[in-house]
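Student: Reproduced below are the annotations present in TrEMBL:
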type	residues	note
DOMAIN	4-366	domain 'Aminotransferase class V'
BINDING	Gly71, Ser72, Asn151, Gln179, Ser199, Ala200, His201, Thr237	pyridoxal 5'-phosphate binding site
MOD_RES	Lys202	N6-(pyridoxal phosphate)lysine
ACT_SITE	Cys325	active site, cysteine persulfide intermediate
BINDING	Cys325	[2Fe-2S] cluster binding site
Amino acid sequence: MKRVYMDNSATTPVKQEVLDTMLPYFTEHYGNASSIHSFGQEAKKTLEASRKIIADTLNTSSDTIYFTGGGSEADNWALKGVMKANAQKGKHLITSTIEHHGILHTCKALEKEGYEVTYLEVDSDGLIDLKELEQAIRPDTVMISIMYINNEIGTMQPIKEIGQIARKHKVIFHTDAVQAYGNVGIDVEALQVDLLSISAHKIYGPKGIGALYIRKGIRIQNLIEGGAQERRRRAGTENIPGIVGFAKAAELAHDNLEAHVAKLIEMRDRLAKGILEAIDYSKYNGHPTQRHPGNVNICFEFIEGEALLLSLNAKGISGSSGSACTSGSLDPSHVLMAIGLPHEIAHGSLRLSVGDFNTIEEVDYVIESLVEIVHKLRMMSPLYDKVKGGK
Ligand SMILES: *Cc1c(COP(=O)(O)O)cnc(C)c1O
């Protein structure tokens, strides 16, 4: 059976070049970067060369890059580390209602410890309001954390403007850039970002490795205590194969950014247009233009997201849905609720995220299959029957 992977926002396959770069670091160059001997020194050299590559992609210096066990750890560290290290200024933090759970659940944990969080609402396109943001800043506000690109609906926030507001009010600014990295050019200086989270497995690198950019001078507590790795800020023997793979993936993404984005946009727009034109009672979610180059998120009325995913899977197509069963909760996705979708519509959501390995042929196959599936599922829906019958 044909298999089409369109869940690149969940994770991406590791590129062959990335894997080839990693393999010798498991079997030949397996030294611990903290060791004195040649194996260790070799590992140390590789570690620092990789750090430089990542730093260059963000227009910063190596000494601002700290490797972590992925995007979630970077998010946890940024929030817990900064809030705790700056408690003398205050205990207030500003974020949005549509953040990744790596941020939202960390905020909940901080609230239990006595910190106070303001959750900014978003408009129907998923954008925060900059005036509301500025008004939410108080004398005891320590930091703002707003994601660069939303993982569900693809909306891109005005990060540069947020950076300006944060700087003006002397508030620390963190952004979860896991979905943005490798899909937009990021310059931490131009954006005036103080901390930024990235992850390898969303850019054709390995899972379990990421990084946190920390601007020089930012006060932050450690999250992981132990050895003196990462300049005493993040303990644990360095994941050299992962780090090497991350750097290779970052380098490839950076060198091919324009072509990658152009290719994704072409597929994304063809996919969205094809679906929306062929299927009535469907709604495109997220910002129409300021969005992830590969993200398509559409709600189909009178349909359950899980049924849709299973039918697609039966045709070899992998997508995702922000609806109940898949997320392990009864409520539809917090993001779809935040952009104001009614429950019954949010339940019929589908996210298709295209990546470097997808083709136009696959896009057309997905459109064709989806038209068939939605039609079939709706034929079984008494509600749809009623609506159509009434017209
Ligand atoms: C995937 C993702 C994360 C988590 O990254 P991991 O490396 O899987 O821990 C955090 N934020 C966003 C926006 C993501 O898409």
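Including glycine, each Cβ sits where the backbone N, Cα and C put it.
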Student: Please list, in sequence order, the residues in the chain of Gly71 (pyridoxal 5'-phosphate binding site) that are at least six apart in sequence and whose C-beta is under 8 Å away from its C-beta.
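Tutor: Those within reach of Gly71 (pyridoxal 5'-phosphate binding site), by Cβ under 8 Å and sequence separation of 6 or more, are His100, Gly102, Asp176, Val178, Ser197, Ile198, Ser199, Lys202, Gly210.
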Student: Relative to the Cβ position of Asn151 (pyridoxal 5'-phosphate binding site), how many further Cβ atoms are located within 10 Å?
Tutor: 25
Student: Over the domain 'Aminotransferase class V' (4-366), what does the predicted model average in pLDDT?
Tutor: 96
Student: According to DSSP, does Ser199 (pyridoxal 5'-phosphate binding site) sit in a helix, a strand, or coil?
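Tutor: Once the DSSP labels are grouped into three classes, Ser199 (pyridoxal 5'-phosphate binding site) ends up as strand.
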Student: Using only the residues recorded as binding pyridoxal 5'-phosphate (Gly71, Ser72, Asn151, Gln179, Ser199, Ala200, His201, Thr237), report the maximum Cα-Cα distance in Å, whole number please.
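Tutor: With Gly71, Ser72, Asn151, Gln179, Ser199, Ala200, His201, Thr237 as the binding residues for pyridoxal 5'-phosphate, the largest Cα distance is 30 Å.
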Student: Under a three-state reduction of DSSP output, how is Gly71 (pyridoxal 5'-phosphate binding site) classified: helix, strand, or coil?
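Tutor: Gly71 (pyridoxal 5'-phosphate binding site) sits in a helix per DSSP.
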Student: By a simple count of other Cβ atoms within 10 Å, which of His201, Lys202, the recorded positions in the record, is least packed?
Tutor: His201
